[in-house]
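*Asks:* Would you mind keeping the following structure in view while I ask a few things?
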């Protein structure tokens, strides 16, 4: 009978913002605009880096990968969050929950490692520019990107299997926006010590290690920037580094805070805000931060725009005709 009760759950109820009934439509509008900006900005980056031959460099190769990851992991949860804001039925099937958790953890883990690869790219470009094309060959770039994706995949497989091997004994209400590891561990009626150990271990490998590598890379970059003679050049370089580091601290800070701590310390009502930062806000800010001061991207966008725009002479001839 106990085994039957443990396997009886066929769906989960996502509570999300159910306590804010009067703000449901406002929140839907905010999430919709954020998701629209995320898709638009990241799709533009992918199209630009693929179609412009001048952007076929390691930096933009990694940036294109980052844009694709941001689209995927935002799509894994935000559309469902918007549906639940306007729907009375706020449920997700057991299988749907498995798929959502796997996808989200896969893409978040891959992004953690990819950001470190991007920092390494910037370190070589600024601190060792003469050997940049030799060190960061096409083969190495492909290997780095593939390693990020593979490690993210394996990390997701481990946590998905461990999470859904746990028993769920009747209560199926997830006090969160989507199916994520911490709320499911809290919901489980089994022993989660193995899951917590796995979170801590992978948190060190996928969270803290790449984060520290990024910080060390930017320390070297900043020390090189300080030797730039032009004050204007130093100012622009510092401004770019500061914006990149702001995104890194926001993403890693919220992700590490969410996953790398004991389950007993979780307060899902408070932690929901943190989850919004790295799952909704950061993917929208990435294309802005990484392309705002980038002249190459701006020029490429103008070039693409001019190709889609018909010549004025042809328009005049059509109008006169």
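Glycine is no exception: its Cβ is also placed from the backbone N, Cα and C atoms.
Copied straight from Swiss-Prot:
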| type | residues | note |
| --- | --- | --- |
| DISULFID | 97-189 | disulfide bond |
| CARBOHYD | 5 | N-linked glycosylation site |
| TOPO_DOM | 1-25 | topological domain 'Extracellular' |
| TOPO_DOM | 47-54 | topological domain 'Cytoplasmic' |
| TOPO_DOM | 76-99 | topological domain 'Extracellular' |
| TOPO_DOM | 121-139 | topological domain 'Cytoplasmic' |
| TOPO_DOM | 161-196 | topological domain 'Extracellular' |
| TOPO_DOM | 218-237 | topological domain 'Cytoplasmic' |
| TOPO_DOM | 259-271 | topological domain 'Extracellular' |
| TOPO_DOM | 293-321 | topological domain 'Cytoplasmic' |
| TRANSMEM | 26-46 | transmembrane segment |
| TRANSMEM | 55-75 | transmembrane segment |
| TRANSMEM | 100-120 | transmembrane segment |
| TRANSMEM | 140-160 | transmembrane segment |
| TRANSMEM | 197-217 | transmembrane segment |
| TRANSMEM | 238-258 | transmembrane segment |
| TRANSMEM | 272-292 | transmembrane segment |
*Asks:* Quick check on the topological domain 'Extracellular' (76-99): DSSP residue counts for helix, strand, coil, in that order please.
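*Replies:* With helix first, then strand, then coil, the topological domain 'Extracellular' (76-99) has 15 helix, 3 strand, 6 coil.
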*Asks:* When you measure from the Cβ of residue 189 (disulfide bond), how many other Cβ atoms are you left with inside 10 Å?
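*Replies:* There are 13 of them.
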*Asks:* Compare 55-75, 197-217, 238-258 by their Cβ pairs under 8 Å to the transmembrane segment (26-46) and return the stretch that comes out on top.
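*Replies:* Answer is 55-75, with the largest number of Cβ pairs below 8 Å.
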*Asks:* Where does residue 189 (disulfide bond) sit by DSSP, helix, strand or coil?
*Replies:* coil
